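Worksheet for the structure shown next.
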Amino acid sequence: MLLTDRNTSGTTFTLLGFSDYPELQVPLFLVFLAIYNVTVLGNIGLIVIIKINPKLHTPMYFFLSQLSFVDFCYSSIIAPKMLVNLVVKDRTISFLGCVVQFFFFCTFVVTESFLLAVMAYDRFVAICNPLLYTVNMSQKLCVLLVVGSYAWGVSCSLELTCSALKLCFHGFNTINHFFCEFSSLLSLSCSDTYINQWLLFFLATFNEISTLLIVLTSYAFIVVTILKMRSVSGRRKAFSTCASHLTAITIFHGTILFLYCVPNSKNSRHTVKVASVFYTVVIPMLNPLIYSLRNKDVKDTVTEILDTKVFSY
């Protein structure tokens with residue numbers, strides 16, 4: 001059924017965001033603006049560093065550049081609107097705008113989840129079968145894995161978005177959140193949302209279980225391989241290689257699991273908002289910091305660039 005047939009084309013929503021704390025609007029704006037600026041500079045900077053340094057043209061850094069791009073994208077989908085709503089009184093968003101925001105946000109979050117799983121598999125091949133690493137992780141395979149992650153992200157998002165377009169809304173629609181979350185739309189709809197809820201549950205469960213299964217299986221083999229190494233320096237190097245990725249995975253999946261384990265009650269809305277801020281705004285900022293601060297190649301490239309700029313003047 002077409003969108004106009006459901007009388008939703010002119011529907012608007014009000015995003016409450018953090019309006020419960022009017023005295024914190026300006027401080028929150030300044031904090032989130034700083035975080036978003038660091039996110040943009042960090043992720044774009046990491047992509048540029050990987051691009052200009054031939055030493056970083058490896059599968060691991062190829063996946064890392066894609067992760068930085070995804071982090072930049074899904075943060076940019078949420079943060080600007082959230083920042084605007086912190087300083088203006090009119091916090092409305094059209095139904096179409098809400099659906100578009102959800103579509104792109106869902107696409108990039110699902111893509112990130114599978115990219116992290118792909119990166120775990122890459123570490124598994126590099127540590128457990130290093131002699132055949134360049135053969136097994138060919139450029140063609142790397143591109144296919146990334147394209148597959150994006151394609152699945154778009155597919156999941158399309159299914160949920162199409163189901164949202166069939167919903168009907170009436171009256172005053174207030175979303176007690178700072179972005180258009182799918183479950184929030186379902187709670188406001190006057191349509192039967194049974195199928196939508198099951199579709200959301202199925203896709204979320206499948207994505208989380210499948211990606212975590214890949215990650216846990218990969219790292220189980222990695223741990224066994226590392227423990228079999230006789231060289232202490234070899235063990236230390238292997239653990240160091242995986243530390244950044246494990247940190248990123250723990251923060252990302254830990255936050256999402258915590259978020260969806262919180263009971264959907266009025267008393268938990270504050271907790272849900274805080275957790276949502278963490279994985280929509282904070283995590284995209286942390287990822288480039290996590291990977292660059294613990295990575296000698298990245299730090300060396302940054303040092304070379306800075307030295308070149310200094311001596312050029």
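Placed from the backbone N, Cα and C atoms, the Cβ positions cover glycine too.
For 1-26 (among others), the entry in Swiss-Prot reads topological domain 'Extracellular', with the evidence type sequence analysis.
Annotation comment: Swiss-Prot describes Asn7 as N-linked glycosylation site, evidence class sequence analysis.
The transmembrane segment feature in Swiss-Prot is assigned to 27-47 (among others); the stated evidence is sequence analysis. Outside the transmembrane segment (27-47) by six or more residues, the chain places 18, 21, 64-65, 68-69, 71-72, 75-76, 79-80, 82-83, 86-87, 281-282, 284-285, 287-289, 291-292, 298 with a CB less than 8 A from a CB of the stretch.
Residues or ranges marked as topological domain 'Cytoplasmic' in Swiss-Prot: 48-55 (among others). Across the topological domain 'Cytoplasmic' (48-55), mean pLDDT in this model comes to 90.
If one looks beyond the transmembrane segment (56-76) by at least 6 residues along the same chain, the residues whose Cβ comes under 8 Å of a Cβ in the stretch are 36, 39-40, 42-44, 46-47, 49-50, 104-105, 108-109, 111-112, 115-116, 118-119, 122-123, 126, 133, 137, 142, 145-146, 149, 248, 280-281, 283-285, 287-288, 291, 297-298, 301. Summarising the annotation, Swiss-Prot assigns transmembrane segment to 56-76 (among others).
Positions annotated as topological domain 'Extracellular' by Swiss-Prot, on the basis of sequence analysis: 77-100 (among others).
According to Swiss-Prot, the feature disulfide bond maps to Cys98-Cys190. Cys98 (disulfide bond): 24 other CB atoms within 10 A of its CB, across all protein chains.
Listed as Cβ neighbours of the transmembrane segment (101-121) (distance under 8 Å, sequence separation of 6 or more from its ends, same chain) are residues 60, 63-64, 66-67, 70-71, 73-74, 77-78, 81, 93, 145-146, 148-150, 152-154, 156-158, 160-161, 164, 179-182, 185, 207-208, 210-212, 214-215, 218-219, 245, 248-249, 252-253, 280. Annotated transmembrane segment per Swiss-Prot: 101-121 (among others), in sequence order, evidence recorded as sequence analysis.
Annotation comment: Swiss-Prot describes 122-140 (among others) as topological domain 'Cytoplasmic', evidence class sequence analysis. Beyond the topological domain 'Cytoplasmic' (122-140), the same-chain residues lying 6 or more positions past its ends with a Cβ under 8 Å from any Cβ of the stretch are 59-60, 63, 218-219, 221-222, 225-226, 238, 241-242, 245.
The annotation transmembrane segment is assigned in Swiss-Prot to 141-161 (among others) on the grounds of sequence analysis.
Taken from Swiss-Prot, the feature topological domain 'Extracellular' covers 162-197 (among others), and the record attributes it to sequence analysis. Under DSSP, residues within the topological domain 'Extracellular' (162-197) fall into helix, strand and coil as 15 helix, 2 strand, 19 coil.
Per Swiss-Prot, transmembrane segment is recorded for 198-218 (among others). Through the fold, the transmembrane segment (198-218) approaches residues 110, 113-114, 116-117, 120-121, 123-124, 156, 159-160, 163, 182-183, 186, 249, 253, 256-257, 260 of its own chain, all at least 6 residues removed from its boundaries and within a Cβ separation under 8 Å.
When the topological domain 'Cytoplasmic' (219-238) is classified with DSSP, helix, strand and coil residues number 17 helix, 0 strand, 3 coil. Sequence annotations record features per position, and here Swiss-Prot assigns topological domain 'Cytoplasmic' to 219-238 (among others) based on sequence analysis.
Using a Cβ-Cβ cut-off under 8 Å and counting only residues 6 or more beyond its ends in the same chain, the transmembrane segment (239-259) has close neighbours at 67, 112-113, 116, 119-120, 123, 126-127, 208, 211-212, 215, 219, 222, 226, 272, 275-276, 278-279, 283, 286-287, 290-291, 294-295. Here Swiss-Prot flags 239-259 (among others) as transmembrane segment, drawing on sequence analysis.
The topological domain 'Extracellular' annotation in Swiss-Prot covers 260-272 (among others).
What Swiss-Prot lists as transmembrane segment is 273-293 (among others).
On its own chain, Cys190 (disulfide bond) has Cys168, Phe169, His170 as residues at least 6 apart in sequence with a Cβ closer than 8 Å to its own Cβ. Sequence-distant contacts of the topological domain 'Extracellular' (77-100), counting only residues of its own chain at least 6 positions beyond either end whose CB sits under 8 Å from a CB of the stretch, comprise 3, 8-19, 25-26, 28-29, 32-33, 35-36, 39, 108, 161, 164-165, 169, 175, 178-180, 185, 280-281.
Beyond its flanks by at least six residues, the topological domain 'Cytoplasmic' (48-55) meets 61-62, 64-65, 292, 297-298, 301-302, 305 of its own chain at Cβ-Cβ distances under 8 Å.
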